[in-house]
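Q: I have a structure here, written as structure tokens, and I will follow up with some questions on it.
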Amino acid sequence: MSERAKAVVIGAGVGGLASAASLAQTQKYDVSVYERMSFAGGRFTQHDHDGFQIPTGAVHMIPHGKKGPFAKLILGKRSSGGLDLGRHGVDFLPTTKFACRIKDGRLQRANSIYGVLPWFSFKDALNLPRLLMKPAKRPWGNETEDGRTWMSRYFSSDFIDFVDAFANFAISLRFEQMPASTVVRMLQNSFWSDRPHVPKGGCKGVIDGLRSDLRENGARVKLSHEVTEILPGDAEESTKDNRFCIGIRRRGRDEGVWIGADAIIHNGGHPNLLKALSDDFEVATGIREQVRDTQAVGGIGFVFALDDDIPHRGSGVTMLPGLERVGGYVIPTFSEPSLAPEGKHMMITHQYVPDPSVKSEITKGREDLYDAIPWLADHGEELCVHTYHRNWPCNRAPQGAELPSDVGIEGVRLVGDGVKGHGWMMVEGIASNVPGAVASVSSVMDTI
Amino acid sequence: MAEAFRNKATPGAVPELESGITHDRPITDGVKLQVIDELCVGCSYCLMACKDDALIVEGLCEVIEDNCTDCLRCLLWCPTGALVYS
């Protein structure tokens with residue numbers, strides 16, 4: 001047992017747990033996960049509030065459904081690099097519509113991407129191949145043009161507002177805040193993929209599946225344990241045979257303990273990793289500056305309880321284009337009724353945060369919602385408002401920041417929201433980066 | 001039980017609670033649930049954890065002292081350590 005190489009995963013978010021599960025399934029390594037908070041799942045889980053399964057950040061949505069990187073990682077067979085969590089009851093349920101939009105108080109619904117096209121001008125449909133064929137698998141480099149400027153060359157403002165609302169909803173950014181290549185790749189990925197899906201049992205369904213798998217493979221998940229420092233292995237006698245020596249403190253206790261590790265997967269964001277690393281490590285040139293200059297994005301999401309008489313029946317993402325703040329909403333309970341008490345539905349909205357004054361941003365978002373959704377006042381009740389700003393959550397970089405998973409230290413890789421692959425949004429971005437990070441730390445541990 | 005809370009309920013400290021707890025209210029005068037505004041991000045996790053309607057989150061979190069039963073469930077959920085019991 002003790003002869004196996006020790007892999008430590010810092011942070012039990014969905015990226016950290018999936019990495020840990022990948023490592024543990026090989027049975028070659030001794031895997032432990034340390035999580036600062038008292039629950040696992042980070043922003044991809046939920047808590048129960050009077051029967052409503054309120055998400056901690058994610059909106060109970062797998063954006064690219066069963067065809068995206070997340071499905072490939074979570075549900076894919078082990079022979080093709082997946083975790084095969086279907087064995088633990090994990091499944092994704094399709095949304096009933098591909099996408100919707102509320103325009104001038106009227107709800108439009110589309111069953112596929114092609115169903116969306118008639119909403120817009122002929123010019124938009126004609127120019128769509130230009131967007132889809134544009135090479136954008138990699139960032140274009142030295143980009144000065146933002147996404148909206150690029151899009152406005154080919155598409156009507158009606159169309160741009162629609163997809164911009166989608167970006168606002170999904171990743172809290174507007175097109176003018178992202179490089180053009182990121183916007184192009186993101187839209188291509190969305191176009192070629194499946195409709196969004198809702199995880200069975202909500203986000204926590206996936207997290208529970210990951211934890212069952214970890215348990216089955218002998219990996220530990222330690223909650224309320226915070227990593228304070230990362231030192232070279234020879235810093236302490238007890239860890240001198242390991243590559244790293246990690247300082248860990250149980251929440252609420254003063255004294256820490258040292259544990260050894262041969263490889264680290266860090267799911268706590270670049271700033272926290274750089275802060276934890278001791279001066280003995282040399283970080284690649286330019287990384288510190290790049291991380292310092294990357295502004296984390298904020299977001300605000302309302303959760304509403306709805307009665308069963310709402311005229312909007314269906315669970316696709318509904319875009320609310322042209323609003324000041326809010327991008328859109330989903331009602332996942334039409335796909336997964338267990339997320340709300342019987343006879344009720346749950347609606348989750350999302351908006352970007354251009355101004356640091358969160359209180360006025362919340363007020364603006366609420367005004368947007370009641371203005372744009374005609375039936376909300378009669379059928380909805382606000383349950384809570386989630387906000388993300390300042391240093392919470394720890395792990396978020398804007399889409400298009402392209403921060404590297406590798407900061408130049410052998411045996412350390414980052415996963416999570418801070419290192420989304422190019423053009424992959426939300427959990428798809430997290431999943432697209434996990435296999436590479438796992439392969440990299442595995443090869444380091446295999447050479448010991 | 002109250003004794004255990006007095007010793008463990010420090011900023012950031014998380015007493016391990018069973019769900020559905022009932023316990024004596026800590027009787028130390030002046031010790032109460034407070035919010036450090038500089039740390040609060042208004043994420044509403046505490047609101048979800050609170051079973052006594054003792055918290056309001058409108059931008060930042062506020063405690064309604066009359067409703068608070070000192071169950072400290074919210075401390076368990078606060079991601080930034082903004083809720084303290086002191």
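Keep in mind that glycine also has a Cβ here, set from the backbone N, Cα and C atoms.
Below, the features straight out of TrEMBL:
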type: REGION; residues: B:1-21; note: region 'Disordered'
type: DOMAIN; residues: B:31-58; note: domain '4Fe-4S ferredoxin-type'
type: DOMAIN; residues: B:59-86; note: domain '4Fe-4S ferredoxin-type'
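I'd like these features described in context: how deep, what's nearby, how far apart.
A: Tertiary neighbourhood of the domain '4Fe-4S ferredoxin-type' (B:31-58): same-chain residues 6, 9, 64-65, 67-86, selected by CB-CB distance under 8 Å and a gap of 6+ residues from either end.
Taking the domain '4Fe-4S ferredoxin-type' (B:59-86) as a whole, pLDDT averages 85 in the prediction.
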Q: Using DSSP, tally how many residues of the domain '4Fe-4S ferredoxin-type' (B:31-58) sit in helix, strand and coil.
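A: Each residue of the domain '4Fe-4S ferredoxin-type' (B:31-58) counted once, the result is 5 helix, 7 strand, 16 coil.
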Q: Quick one: DSSP breakdown of the domain '4Fe-4S ferredoxin-type' (B:59-86) into helix, strand and coil?
A: 5 helix, 7 strand, 16 coil
